[in-house]
Amino acid sequence: MASRWQNMGTSVRRRSLQHQEQLEDSKELQPVVSHQETSVGALGSLCRQFQRRLPLRAVNLNLRAGPSWKRLETPEPGQQGLQAAARSAKSALGAVSQRIQESCQSGTKWLVETQVKARRRKRGAQKGSGSPTHSLSQKSTRLSGAAPAHSAADPWEKEHHRLSVRMGSHAHPLRRSRREAAFRSPYSSTEPLCSPSESDSDLEPVGAGIQHLQKLSQELDEAIMAEERKQALSDRQGFILKDVYASP
């Protein structure tokens, strides 16, 4: 009996000690949990304030263009050299043809501008040469027709008519000298700077060069196609031989 009572006392003591330890642990954990709750609450309030103040904006991903995919199949060295030569030849031919086309366009544009300028000068010269003679003839007819009618009326008109008859062709020397100088200047010539035959002769080698380049590019394409056909036939024969040797 005494031993049983002793065992019961030790068990009760152990239970009381365990209970005290649990209480101490719970007391220590309570401030940590409360501190975490307060920190979470402060962060939540800050997030709410920022959500209210800062508006949402569109996100710029700054995505660049995708990678340039290359061929996974490695061509043979002979094909690599042929393809590189074809690419370089095509690029050179394209650059040369572009330059020739630009020069042709600039030449045709210059020819059109010169022709238009020449026509304008011709029209201006025709207008300038036709209008003064017409006005002078009208004035002379008016004076000749009006003089006999008013010959006995006004002596001043008679004197003016006499002076005009005496002056004759020297009535307006300054205007005529200016007009003659304008017609003698090289800028008033109505002929174009270059004749159509010269322009055609300048454009003939350009056209021949373009045709030659087109012919070269066509021959190069045909050679490339023939080489590709030969390569395809050789590959096919190789596959057939492999199948024959592999079959029992």
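Cβ atoms are placed via backbone N, Cα and C, with glycine included.
Some features that Swiss-Prot has for this protein:
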COMPBIAS  1-10  compositional bias 'Polar residues'
REGION    1-32  region 'Disordered'
MOD_RES   S11  phosphoserine
MOTIF     14-17  motif 'D-box 1'
MOD_RES   S16  phosphoserine
MOTIF     53-56  motif 'D-box 2'
REGION    117-205  region 'Disordered'
MOD_RES   S129  phosphoserine
MOD_RES   S131  phosphoserine
COMPBIAS  132-143  compositional bias 'Polar residues'
COMPBIAS  186-198  compositional bias 'Polar residues'
MOD_RES   S199  phosphoserine
MOD_RES   S201  phosphoserine
Task = Run through the motif 'D-box 1' (14-17) and tell me, per DSSP, how many residues are helix, strand and coil.
result = 4 helix, 0 strand, 0 coil
Note = Rounded mean pLDDT within the motif 'D-box 1' (14-17) lands at 73
Query = In terms of DSSP three-state secondary structure, what is the assignment for S11 (phosphoserine)?
reply = helix
